[in-house]
Amino acid sequence: MKKDVRILLVGEPRVGKTSLIMSLVSEEFPEEVPPRAEEITIPADVTPERVPTHIVDYSEAEQNDEQLYHEISQANVICIVYAVNNKNSIDKVTSRWIPLINERTDKDSRLPLILVGNKSDLVEYSSMETILPIMNQYTEIETCVECSAKNLKNRSELFYYAQKAVLHPTGPLYCPEEKEMKPACIKALTRIFRISDQDNDGTLNDAELNFFQRICFNTPLAPQALEDVKNVVRKNVSDGVADNGLTLKGFLFLHTLFIQRGRHETTWTVLRRFGYDDDLELTPEYLFPLLKIPPDCTTELNHHAYLFLQSIFDKHDLDRDCALSPDELKDLFKVFPYMPWGPDVNNTVCTNGKGGWITYQGFLSQWTLTTYLDVQRCLEYLGYLGYSILAEQESQASAITVTRDKKIDLQKKQTQRNVFRCNVVGMKGCGKSGVLQALLGRNLMRQRQIRAEHKSYYAINTVYVYGQEKYLLLHDVSDSEFLTDAETICDVVCLVYDVSNPKSFEYCVRIFKQHFMDSRIPCLVVAAKSDLHEVRQEYSISPAEFCKKHKMPPPQAFTCNTVDMPSKDIFVKLTTMAMYPHVTQADLKSSTFWLRASFGATVFAFLGFAMYKALIKQR
């Protein structure tokens, strides 16, 4: 909504433009009228819409055409004043003023016009019969008001309607020729309906209607008022009410009715509450609220955000199988202007074995990934879902936790983070993709079913360490000789080499020495494809000796060529190293240290599976 309103009064000489302005200010008819009134400003606290309003007078005697054109360009709304007792001034509305104004404004963004019939005290008839055909001819005319500066009739209403034409314009909402709402308005209201339909049954029940009424208008509807609304819809739309709930068709009919009855401020209140601007686009302020992220800090979803996303998942998981089918996912994203997830997402997070559909855990993981890698996009997505409205928060920023500086974690030897990034490094063909897919529980046979164009360079899943659920985010970095700064920023590094390729380990050594040897980032060497015949690596010392020399844990044997899911031991170790980068080399070598971490992972994985089964049974 505009922060202020600028009203320009134009019209033929002596129709009473200046008198109208002066009578509004002084509350009485001026005996002496100057050729032109000075610009006046009405403070926000004395206007119904609480917006400061500037009223500008135009005088043909004192101003030239260039000054008139400038005032037109600055105005938000123009009042064309005519005298009801002067036919010539009425004729000039269409022969002079409307064409002149339209020539000076863009065709796609015409200024709203108010026709003002002044001096109604001098006649006993109305000019409306003459004016109505003009209003029907020009869609930019918002309304017509007959008034009298002399007896103060309707002069306050005149400026109220002018202000309303700017703050609650009819043009973007409604097409008078077709007598129906415009497509952009229907699209916006349809999104609002889908967000408000919290149980996804295609209707707004009484609880949903009351919630909608409260968040938009700050007041609930009385039960009788609710029934009255539904009865109006029933009488006018055959399928506007179903199972005693308001359908989308009924919802759209109500807003059409509001607009037709001149109550378009009601529709605008709803649209603006859900983030729309005057062009029916979601505002940048709504989609991208301010969120300060200091250096060396990361972004995560907080508990309230996860609860919200759980409710969104439940809303669209219609068959209650704890996975979203392609149709269910498409239905979920109907409130988005585009499909945000591509086929690579299915290879980034966990899917079910039946149809390769994104599971409940995979759904939350993808949101966690987006929040960590691109928090602005996460804010945008939460905005499309209506987070701030449904969660009754000021903005989506309240869904985000900004972690503390990593240097503080190192000093205190503990972290509050829940998401840890591991960069997976290795030469092409060494098995990095296998490591990523193994995090999602996929063996080599399942990995071979992935199409090349759907490959993902990220994988994310939960890992349990000492009974704590954490997210491990794996990133397959490029296999170039020199990594970019962005490719070296992480919490832990996984150096992968192929045991069957004699040149594979040497690449890991070069990358380690160039980027990580002098850093405080812990590194773990993974001997991939351990099911194959191991050959001697073409490097001066063996991988085991290299790890010992640089105070790293010994190389971890790994293969995804298994009958069942690959082992998750390396993921527990990587997450543990990321959580406790200060742990000494002696601790890292201790079997007891890893046993405690792995035991916690096993216990909580079992508990998680039991809770998952209970959830399915309960639902």
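The chain as shown is numbered from 1 upward.
Each residue, glycine too, has its Cβ placed from N, Cα and C.
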Matching residue for the Mg(2+) 1 site, where Swiss-Prot names Thr18, Asp57 - out of Pro35, Pro43, Pro99: Pro35
Co-listed GTP 1-binding residue [Swiss-Prot; alongside Arg14, Gly16, Lys17, Thr18, Ser19, Asn118, Lys119, Asp121, Ala149, Lys150] among Ser26, Ser59, Ser95, Ser109: Ser59
Cα distance (Å, whole number) from Glu328 (Ca(2+) 2 binding site) to Pro35 (Mg(2+) 1 binding site): 67
PLDDT averaged over the residues of the domain 'EF-hand 2' (304-339): 97
DSSP-derived helix, strand and coil totals, residue by residue, for the domain 'EF-hand 1' (184-219): 25 helix, 2 strand, 9 coil
For Asp531 (GTP 2 binding site), the one of Asp57, Asp319, Asp321, Ala323, Glu328 that lies nearest, given that the binding-site residues are compared by Cα: Ala323
Among Asp317, Asp319, Asp531, which are binding-site residues, the residue with the most C-beta atoms within 10 angstroms of its C-beta: Asp317
Candidates Gly429, Ser433, Arg448, Cys560 (binding-site residues) - the one closest to Asp57 (Mg(2+) 1 binding site) by CA: Ser433
Tertiary contacts of the domain 'EF-hand 2' (304-339), as residues 6+ beyond its ends and Cβ separation under 8 Å: 191, 194-195, 198-200, 351-352, 354-355, 357-360, 363-364, 367, 381-382, 384-387, 390-391, 393, 398-400, 612, 615-616, 619
Chain residues outside the domain 'EF-hand 1' (184-219) and at least six past its termini with a C-beta under 8 angstroms from it: 172-174, 226, 229, 241-248, 251-252, 255, 267, 269-271, 273-274, 276, 280, 311, 315-316, 318, 331, 334-335, 385-386, 389-390, 392
Nonlocal neighbours by CB distance (under 8 Å) for Cys560 (GTP 2 binding site), same chain, sequence gap 6 or more: Gly431, Gly434, Val435, Gln437, Ala438, Arg442, Asn443, Leu444, Gln447, Pro566
